[in-house]
Amino acid sequence: MKILFVEPAIFLNAFALALTTPLTTQYVYRRIWEETSNYSFSFDSNISECEKNKSSPFFAFQEEVQRKASLFSLQLDLSGLIPGLVSTFILLSNSDHYGRKLPMILSSVGVLATSIWLCLLCYFAFPFQLLIASTFIGAFCGNFTTFFGASLAYIVDQCKEHKQKTIRIAVVDFILGVVTGLTGLSSGYFIRELGFVWSFLIIAVAAAINLIYISFFLSDPMKESSSQNVTISCGGGFKKLFYPTYMLFKNASGTRRSVLCLLLFTMITYYFMVMGTVPIFILYELNSPLCWNEVLIGYGSALGSATFLSSFLGIWFFSYCMEDIHMAFIGIVTTMAGMAITAFARTTLMMFLARIPFLFIIVPMSVLRSMLSKVVRSTEQGTLFACIAFLETLGGVAAVSMFNGIYSATVAWYPGFIFLLSAGLFLIPAISLCVVQCTSWNEGSYGLLIQEESSEDASDRAH
């Protein structure tokens, strides 16, 4: 008997990736520290290996480790850019014909292969530079945006009402929040109690269970309802690959095309700023004057991940009294304030309090995806999420690369500069959303417009 719920797969995939990120970052940081100073971290220490006195020679060494760790993160992200872009677009653009399960399966295979490679690398103490191989493997099989895009398309396929789409997408973000919150809270204890090898092995087990669930238990209504299989010839394969995306914009009316482009631009610019600062938080917390240890970093990650829950509750509550576009405005403005406050956080208490304005950081991403799904036809949802995933992959890698580069260049004179820059850049999606508002956005009217365009297309084909 097949199951129609993709949420368990999202749960397991989120657990694997949420645990991999802090483990990998701290593993690289410790390896660079040890290889540079020939000094090992103490796993049972309750304090962080961190120097606060700027006049100390040890402080300069600490800044050098920060710079090297940031630059290596930049190399990791760049190594997965091209294969990630290609695999994401190919897998999702073809999911309308071959079903949503294929991108999920291949992405899960990538997570499993990556976690096994990380286990071996830690166990045999291979050069940490070989982490680049794991990034390449994961991107080639399809990264998180591939899995997430396929999952959202799977859910939207089952939604018939506009409000239902917003709530279902918010539910997915709620699941991500619960999983990443608990994982972030426990990541420090994973490192301290189990070490890196066993922690990565647990990730591999979760990825294997997820792969089994998707392959053998999850149904694929899109594939089963397809009346014909699409065969792509070698000569027309490349053209066929991008043709649905071309038609997505070509068939839309002028107004709908403008709104579609503006919403895509708003979502990607917002996503760019958020994803660019995510890996910087851990480095910022490891650095002076905060000097957090792995447990405090786990608490910070848990508070950050709790924003998925608060964002879900915000969407659920605000959906009864305001439109989607107004919810997106609230999320952008509060996130901008959070970035500005983080730039001036100098104590542990202040850093924890700086998390409060991020309560609705996920709201714009959930709401904008829902708004986008409402301005395209039901037969174009797979192509839409392929475009979104493609842009998120490109924007995410470019953002992390750029922000890591800026942080490594400015950490010596002002570590919080990157957060001030991000706060200023959030004006871009805010202004773009204002332009959408000026087009008299109304989700009901766009639904009727899509129906009218579909009727006209059907009439044209009949003639």
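Just so it is clear, glycine is given a Cβ too, placed from its N, Cα and C backbone atoms.
Among the features that TrEMBL reports, transmembrane segment is placed at 9-29 (among others). Beyond its flanks by at least six residues, the transmembrane segment (9-29) meets 65, 69, 72-73, 104, 107-108, 111, 114-115, 118, 122, 128, 131, 144, 147-148, 151, 172, 175-176, 179-180, 183-184, 187, 190-191, 196, 199-200, 202-203, 206-207, 209-210, 213-214, 218, 279, 282-283, 286, 294, 297-298, 301, 305 of its own chain at Cβ-Cβ distances under 8 Å.
Under the heading transmembrane segment, TrEMBL lists 104-126 (among others).
Taken from TrEMBL, the feature transmembrane segment covers 132-155 (among others). Long-range contacts of the transmembrane segment (132-155) within its own chain (CB-CB distance under 8 A, at least 6 residues past either end) are made by residues 6, 9-10, 13, 17, 75-77, 79-81, 83-84, 87-88, 91-92, 95, 100-101, 103-104, 106-111, 113-114, 117-118, 121, 168-169, 172, 222, 369, 381-382, 385-386, 388-389, 392-393, 396.
What TrEMBL records for 167-191 (among others) is transmembrane segment.
TrEMBL lists 197-218 (among others) with the feature transmembrane segment.
Under the heading transmembrane segment, TrEMBL lists 259-284 (among others).
What TrEMBL records for 296-318 (among others) is transmembrane segment.
Feature annotation from TrEMBL assigns transmembrane segment to 325-346 (among others).
Taken from TrEMBL, the feature transmembrane segment covers 352-372 (among others).
The transmembrane segment annotation in TrEMBL covers 384-407 (among others).
Nonlocal intrachain contacts for the transmembrane segment (413-436), taken as residues 6+ away from its ends with a CB within less than 8 angstroms of a stretch CB, comprise 259, 262-263, 265-267, 269-270, 273, 276-277, 280, 284, 287, 325, 328-329, 332-333, 335-337, 339-340, 342-345, 364, 403, 406-407. The transmembrane segment feature in TrEMBL is assigned to 413-436 (among others).
Stretch with the most C-beta contacts under 8 angstroms to the transmembrane segment (197-218), considering only 104-126, 167-191, 259-284, 296-318, 352-372: 104-126. Outside the transmembrane segment (104-126), and at least 6 residues removed from its termini, the chain residues within Cβ reach (under 8 Å) are 6, 9, 13, 16-17, 20, 23-24, 27, 87, 91, 133-135, 137-144, 146-147, 150-151, 195-197, 200-201, 203-204, 207-208, 210-211, 214-215, 218.
Contact between the transmembrane segment (325-346) and the transmembrane segment (259-284) holds: at least three of their C-beta pairs are under 8 Å, each pair 6 or more apart in sequence. Against the transmembrane segment (352-372), the recorded stretches 167-191, 259-284, 296-318, 384-407 differ in Cβ pairs under 8 Å, and the greatest number is found for 296-318. Beyond its flanks by at least six residues, the transmembrane segment (259-284) meets 21-22, 25-26, 29, 66, 69-70, 73, 248-249, 252, 290, 297, 300-301, 304, 328, 332, 335, 339, 342, 361, 364-365, 368-369, 371-372, 375-376, 387-388, 391-392, 395-396, 398-400, 402-404, 407, 411, 415-416, 418-419, 422, 425-426, 428-429, 432-433, 435-436, 439, 441, 446 of its own chain at Cβ-Cβ distances under 8 Å.
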